[in-house]
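Since the structure comes first, as structure tokens, the remarks are kept for the end.
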Amino acid sequence: VFPLSFLSNCFQIKCDRVMNYSAAERCAFVKRTPDCSMEDGFINYLKLAFCLLPPNLTPLTITLFVEGLKHLEMHFIMFYPLPSFCPNLSAISSTLHCSHNVAGVTFLALGNGAPDIFSAMAAISHPHTAGLAVGALFGAGIFVTTVVAGSVALVKPFAVASRPFLRDVIFYMIAVFWTFVILFRGTTTLGETLGYLFLYVVYVLTVLISTWIYNRQKNSATNGLQHVPHIPESEYRPLLPYSESTREILLSSLNPVDNRKWRRKPWTWKVVKVTPLEVLLLLCVPVVDPDKEDRNWRRPLNSLHLITAPLLCVLVFQSGAYGGVMIQGEFPVWLLILLLGMFLAAIVFCTTTNDHPPKYHPLFAFLGFVVSAVLISATASEVVSLLHMLGVVLSLSNTVLGLTLLAWGNSIGDLFSDITIARQGYPRMAIAACFGGIIFNMLFGVGLGCLMQMYDTHSYFESEGLLTWILAGALGSSLVLSFLIVPLSQFHLGRTYGVFLLVFYCIFLLIALLTEFRIIHT
């Protein structure tokens with residue numbers, strides 16, 4: 001019998017083989033097997049499960065990790081960074097004077113698809129977790145184009161806009177076919193990776209050109225419309241002029257609780273709001289809100305942001321890899337960032353007032369965007385590492401975890417938001433969101449993920465076998481069927497079409513699970 005160290009070093013043993021060993025040998029196997037190393041996360045969940053926790057508590061460990069996964073996806077991605085992510089994107093688009101169409105297919109798509117994109121980038125940047133990205137992107141694609149679109153058709157039957165629908169379906173089919181070819185070969189080149197990003201540029205240009213043609217054909221006179229300024233309901237104008245002190249501004253800015261919203265919100269929201277993490281994010285992430293009269297200018301807090309935001313990025317980026325870097329072996333990088341931040345904060349605080357934001361205030365939106373992106377990326381890396389650990393413990397492939405837990409967690413918000421939009425009488429907007437967002441997610445998730453992998457090594461993928469082809473085939477089939485059925489039904493999406501999409505997803509999920517448990521095999 002060969003020792004574990006010999007087997008782990010001489011052969012590329014997969015980490016999922018750990019369950020073939022006895023409980024006493026699993027910790028040594030995880031420590032000596034390179035495939036079990038988790039370089040991207042702050043926590044090595046495999047060592048935590050097999051070395052620190054008792055073997056007889058494995059069911060409890062799985063339950064706790066699943067709850068932790070749900071908490072990471074729903075709270076740390078959806079509730080914490082995104083509320084600051086989206087206003088900053090809106091401020092950036094208005095600062096750059098982007099049209100509504102350009103902002104919708106770029107900044108808005110990035111704001112809505114940030115969890116999917118960063119999860120895919122974190123997973124696909126390493127070959128042994130690329131199956132998570134494939135499962136999540138393809139699984140979310142099937143879920144959105146069948147369950148979400150079918151639910152919209154059931155709630156509010158309507159006639160879809162023909163040209164935008166065909167445009168989005170065609171571009172998405174091209175992206176899916178391109179990904180399928182890369183998965184079939186198991187490798188990709190720099191030209192193909194850049195082609196992903198270029199394809200999205202072509203898609204944006206197509207949206208702009210088609211919109212321009214439509215507006216010209218319609219020849220609608222929009223110059224006569226008067227713009228009614230939006231008065232945010234969250235602001236109250238006092239009868240008498242009152243100026244808050246710097247201390248009062250700082251304390252009110254760090255208070256995460258809105259007394260008017262507190263009573264009508266559920267208890268889960270209240271629990272999230274009273275956590276210290278909410279205050280920490282307010283202290284570290286600047287938010288520029290174009291819907292507010294003062295654009296959310298808070299002089300003392302924004303000055304502190306110049307210290308805390310760069311420092312947080314250094315300590316969190318790539319799981320804190322740069323936090324301990326020393327300049328010439330003597331001066332830490334984080335201390336240099338801290339000193340520079342204190343210098344800039346002093347300049348901003350001394351040269352501005354509490355009442356009027358400076359001309360460079362929009363630059364804080366870019367800083368807030370970067371910090372939010374770093375936080376979402378770090379959280380996505382933890383989600384991917386946690387899913388990888390669950391796959392090893394439960395003997396499930398990365399692909400099936402991606403198309404179920406990760407895809408559902410990232411897409412459940414789309415389901416509820418699109419159904420709400422459809423019930424409010426905007427089903428066309430809801431169905432457009434179904435296809436427009438997933439195009440952006442796939443092209444940028446795969447494209448940027450491959451670029452990150454190429455930065456370290458040659459980009460290649462480990463296919464999960466038959467399940468991957470079932471996943472790609474199901475997504476391609478759903479798109480082709482929609483491409484054929486919708487025009488034949490005169491672009492009317494009725495309840496029959498909605499039921500068909502929901503049944504299609506149930507059949508796909510059943511086949512995928514039967515394949516995962518080896519009931520269906522080659």
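The backbone N, Cα and C atoms fix where each Cβ goes, and this holds for glycine too.
These figures come from a predicted structure and were not determined experimentally.
Over in TrEMBL, the protein carries these features:
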- 85-208: domain 'Sodium/calcium exchanger membrane region' (DOMAIN)
- 365-513: domain 'Sodium/calcium exchanger membrane region' (DOMAIN)
- 130-153: transmembrane segment (TRANSMEM)
- 165-184: transmembrane segment (TRANSMEM)
- 196-214: transmembrane segment (TRANSMEM)
- 304-325: transmembrane segment (TRANSMEM)
- 331-351: transmembrane segment (TRANSMEM)
- 363-380: transmembrane segment (TRANSMEM)
- 386-408: transmembrane segment (TRANSMEM)
- 429-454: transmembrane segment (TRANSMEM)
- 466-486: transmembrane segment (TRANSMEM)
- 498-520: transmembrane segment (TRANSMEM)
Item to check | Structural state census, the domain 'Sodium/calcium exchanger membrane region' (365-513) (DSSP three-state) | outcome: 128 helix, 3 strand, 18 coil
Checklist entry - Is the transmembrane segment (304-325) packed against any residues at least 6 beyond its ends, judged by a Cβ distance under 8 Å, and which are they? => result 39-42, 250, 283-286, 332-334, 337-338, 340-342, 344-345, 348, 364, 367-368, 370-371, 374-375, 377-378, 381
Next on the checklist: Let me spell it out: take the transmembrane segment (331-351), skip the flanking residues so only those 6+ beyond its ends count, and list any with a Cβ under 8 Å from a Cβ in it.
Outcome noted: 299-300, 302-304, 306-311, 314-315, 322-325, 358
Checklist outcome for this item: Long-range CB partners for the transmembrane segment (165-184) (under 8 A, at least six residues beyond its ends), listed in sequence order, are 134, 137-138, 141, 145, 192, 195-196, 199, 203, 206-207, 210, 431-432, 435-436, 438-439, 442-443, 446, 461, 463, 468, 472, 475-476, 479-480, 482-483, 486-487, 491
Next on the checklist: Cβ under 8 Å, sequence separation of at least 6 from the ends of the transmembrane segment (498-520): give me the contacting residues as numbers and ranges.
Outcome noted: 142-143, 145-147, 149-154, 157, 396-397, 400, 403, 466-467, 470-471, 474, 478, 481-482, 485
